[in-house]
Amino acid sequence: MRTLWIVAVCLIGVEGSLLEFGKMILEETGKLAIPSYSSYGCYCGWGGKGTPKDATDRCCFVHDCCYGNLPDCNPKSDRYKYKRVNGAIVCEKGTSCENRICECDKAAAICFRQNLNTYSKKYMLYPDFLCKGELRC
């Protein structure tokens, strides 16, 4: 399922906050969100279940939980704006949903940077069937 989503994103482009999130990831880590984080471990990419494979995957787990706390928002499509001030990500004022989505994405991008040393290519394109259990935030 995740692979299908990745192909769809590549074919139709990325809209909404996914575009901003990808930009944040690149700025913080020097890595392109696709393919580096689009299907990494059990939580990076669409959906998630099981135990995070490493600290990088845990960043995605926390990010999924953050989005889960925004039931009235559309994190994949609602656009927000941010800027950098002295190298730091600053979410610009928007709607309540835009602000909260931006803060979730900001935390994940920073988490990825802080855990670059745990990033392992063996978890890129990680198969879903190896991830067992439910998401428990």
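Even glycines carry a Cβ here, placed using N, Cα and C.
Taken verbatim from Swiss-Prot:
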SIGNAL    1-16  signal peptide
DISULFID  Cys42-Cys131  disulfide bond
BINDING   Tyr43, Gly45, Gly47, Asp64  Ca(2+) binding site
DISULFID  Cys44-Cys60  disulfide bond
DISULFID  Cys59-Cys111  disulfide bond
ACT_SITE  His63  active site
DISULFID  Cys65-Cys137  disulfide bond
DISULFID  Cys66-Cys104  disulfide bond
DISULFID  Cys73-Cys97  disulfide bond
DISULFID  Cys91-Cys102  disulfide bond
ACT_SITE  Asp105  active site
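Mapped onto this structure are the features recorded in Swiss-Prot.
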{"residue": "Tyr43", "record": "Ca(2+) binding site", "contacts (Cβ under 8 Å, 6+ apart)": "Pro52, Asp57, Arg58, Cys60, Phe61, His63, Asp64"}
{"residue": "Cys59", "record": "disulfide bond", "contacts (Cβ under 8 Å, 6+ apart)": "Cys44, Ala108, Cys111, Phe112, Asn115"}
{"residue": "Cys65", "record": "disulfide bond", "contacts (Cβ under 8 Å, 6+ apart)": "Leu135, Cys137"}
{"residue": "Cys66", "record": "disulfide bond", "contacts (Cβ under 8 Å, 6+ apart)": "Glu103, Cys104, Ala107, Ala108"}
{"residue": "Asp105", "record": "active site", "contacts (Cβ under 8 Å, 6+ apart)": "Ser17, Glu20, Phe21, Met24, His63, Tyr80"}
{"residue": "Cys131", "record": "disulfide bond", "contacts (Cβ under 8 Å, 6+ apart)": "Gly41, Cys42, Gly48, Lys49, Gly50, Thr51"}
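Summarising the environment of Cys44 (disulfide bond), the number of other Cβ atoms within 10 Å of its Cβ, over all protein chains shown, is 27. Taken residue by residue with DSSP, Cys102 (disulfide bond) is part of a helix. All protein chains shown were included, and the count of other CB atoms within 10 Å of the CB of Cys102 (disulfide bond) stands at 25. Cα-Cα distance from Cys97 (disulfide bond) to Cys91 (disulfide bond): 12 Å (rounded to the nearest whole number).
Take the Cα of Cys102 (disulfide bond) and measure to each of the recorded positions Gly45, Gly47, Cys73: the nearest one is Cys73. Annotation: Cys42 carries the greatest number of neighbouring Cβ atoms among the disulfide-bonded residues Cys42, Cys60, Cys97, Cys111 [cut-off 10 Å, Cβ to Cβ]. The separation of Cys73 (disulfide bond) from Cys91 (disulfide bond), Cα to Cα, is 16 Å.
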